[in-house]
Number of protein chains: 2
Amino acid sequence: MTCLLRQIAAAVKHQIMMLSQLQSYIHRERLFDPAQRLLLAVSGGMDSVVLTHLCVAAGFNIGIAHCNFRLRGGESERDEQFVRRLAERYNVPFYLQQFDTAERAQAQKQSIQVAARELRYMWLEKIRQEEGYDHVATAHHMQDNVETLWMNISKGTGMAGLHGILPKQGKLVRPLLFATREEITAYANAHQLEHVEDSSNATDKYTRNFFRHRVLPLLEEAYPQVVKNTGAGIQRFREAEMLYQQAIAVHRRNLLEQRKQEYFIPVLKLKQAQPLQTILYELLKPFQCSAAQAAQVAELVDSEPGKWVATPTYRIVRDRKWLIITPLEPAASAHFVIEKGQETVQLPEAQLLLKTCDPAHISTDPHIAYIDKQQVQFPLLLRKWKQGDYFYPLGMDKKKKLSRFFIDQKLSLPEKEKIWVLESHKKIVWIAGMRIDNRFRITPGTREALKIELKNT
Amino acid sequence: MTCLLRQIAAAVKHQIMMLSQLQSYIHRERLFDPAQRLLLAVSGGMDSVVLTHLCVAAGFNIGIAHCNFRLRGGESERDEQFVRRLAERYNVPFYLQQFDTAERAQAQKQSIQVAARELRYMWLEKIRQEEGYDHVATAHHMQDNVETLWMNISKGTGMAGLHGILPKQGKLVRPLLFATREEITAYANAHQLEHVEDSSNATDKYTRNFFRHRVLPLLEEAYPQVVKNTGAGIQRFREAEMLYQQAIAVHRRNLLEQRKQEYFIPVLKLKQAQPLQTILYELLKPFQCSAAQAAQVAELVDSEPGKWVATPTYRIVRDRKWLIITPLEPAASAHFVIEKGQETVQLPEAQLLLKTCDPAHISTDPHIAYIDKQQVQFPLLLRKWKQGDYFYPLGMDKKKKLSRFFIDQKLSLPEKEKIWVLESHKKIVWIAGMRIDNRFRITPGTREALKIELKNT
């Protein structure tokens, strides 16, 4: 009897302590309002069982969601049954989804772990929306967070890898991050909470378990408080990251200037910005520029104009006074075939208009060309210029390389990349917007002219 | 013969590679100019022997300094002889100091490790100045740095603990931080460099060796590149810290206002600053405020006026609209004895002037008091007020506690702390600058008055 009383007293004490810590954590991190509806992701493991128990004790309005990844045969079915009964006991809604994880992983060429995680979060968010919950809550705790930090640092992280697992990401909240594994275990024991082996441990299984079972126990020999110390550090790093982002935002405002689809960074001003590497890395990240590429861009700053670094979607070019960030043209738009009689061609940022007319016209606007219609052979080809292209500039009987012509015209690399050329049977007719070819010029013998206009849209 | 040639080729290759890495690291981190004079701290261990070899190969102008801490008997003497011969072989100046480390540690109540480190850096700096060197260089390498980072995180660090060992601190440079232990070992082997057991390993011996020999090898099982990864991370954290400090500087300019010896932080504006905890921590650090105290100050923001947090040198008080940071008065200035006939008393921020005069005067300025000279007994005492003090305010025949009087006068805590009282034989004569005591007022029977003036300087 005394033993039972002692157990009850311990349970009450733990409940009061953990509940008050939970509530102050929710308040401090502004996770959610106690009146909101929470969809708990429950694997049936100790962490999620404790989270459920605490949420019920706190009087939160909850539902329980369980994913059966069908990866562990009968064990998966056992877990599903366990969580279903848990929801029944607490008399709260229960949502279940079974996945063909292995199949999905194969189809998407992902690891089982990545596939399981994606399926889980996608489905939880779907249920949240369909069933009208305000947030999805998972049972990640401090030790998960510390493991994540140590793994990130071992892999080689920057500032973003230091915040560990975030307490709040969009509609996802982790209200148990304040608690250590020991506190959760003590709570589960005090309340004699049944649970199953936590199948979510399958995520990052090898490395995470290596840190959990081998690295952290070793560190605890030197620093018994390593989990709490690192946990407190993560909190500070998260705040430090906010300040870091504030400083980056100031540099972005000062350095990055948008002009239509392009972005310009003034080189002289950039050279004075400190720390250059990290500022460039953060400024260029939205352009899919990797850390290694950002380091190459840092070298561009001290190099000759004309060099560039290409990301998967942008080209970053060293111009005389600027770094110019230009979107790569989609390959599909690189060629347009123009049939006889066709009057318009729609380009990504321009329109080409063709019209037969009287040969008496002369254009002073480089965007309008008049050529001898009889000299061209349809279909014409409109394409981007390429290395090796040459033409006979109007008024000259010697051929000239386009690359050379562009240098004389002092075109920057992004300007060059925008240039379209009109081709007739392998001969260049017009460098659109710039100069026609001498071979296609209007002569006294011209009977019919073709007016071609490049209109920027 | 082939074997010897192969050895020479390997040595040349290592030398070229390491030298170019060393030079680009010196350039990138702006450590020193190649023409400057370097004082190398050489223990005789592999790292410092390799650094010496590299500096000679690079043609730097060096001297060698060795500390004999006399902690390992004959081994200490052996190391000293080894380094002396090294300097002779390279024909560079040699500086030696022997320390009574154990004695110093005991006298300063320090650990042997801390005492050794302090003695070493103090002496190196002294030699640097006396002998006209531009910098002191130590042979710390990447693995030392990675160990430091992991130890700092395990202990629980903030942003400042992430930069690890700095490449440059004042006149101290660490040009070998770019190199891994493996690269240094390979270089030493290729050049068949003799060395002794590195006595500087005594620093932080237990914990550092624990990380070196147990934690890092374990981490390498999961991430073979952990040292290089973490080393690259440290570089990024160092840049991140610069951005962090830039953001802190902006908040400091916006929030901290100096008025003479006090600092004011507007509470409403502070409440909007994010992240509050870290901003407060950084703003208050110069006032010797610990992280725990900064957290208490964060609570002050939401509390009643009048509460405060005391650091060893400052008091941070919640006033109505401000947090006010006031230096604690040095205890020595808390009492002044005023002899008969003395005309001035110099206080920290004010002056007290005393003058006998005609009793016909009346003061409307609270900084000037006229009292009945015959009522006071010299010597008078000028002191800070204390809890329990009471007086009879002018015009009242009931005594009143000073604490109560100050509440009625709506004094803030820093204002209260500046209040001086003038005492005559245990009776309060004047609350300087505010109100005289009724018992010492000028009456029709007063024959001689004492004019007392509090002049702020």
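Note: Cβ is positioned from N, Cα and C throughout, glycine not excepted.
If you look up TrEMBL, you'll see A:S43, A:G44, A:G45, A:M46, A:D47, A:S48 marked as ATP binding site.
Feature annotation from TrEMBL assigns domain 'Lysidine-tRNA(Ile) synthetase C-terminal' to A:380-452.
Around the Cβ of A:S48 (ATP binding site), 26 further Cβ atoms fall within 10 Å across all displayed protein chains.
Mean model confidence for the domain 'Lysidine-tRNA(Ile) synthetase C-terminal' (A:380-452) is a pLDDT of 90. Look at the binding-site residues A:G44, A:G45 and count other Cβ atoms within 10 Å of each Cβ; A:G45 has the fewest.
Mapped onto DSSP classes, the domain 'Lysidine-tRNA(Ile) synthetase C-terminal' (A:380-452) shows 15 helix, 27 strand, 31 coil.
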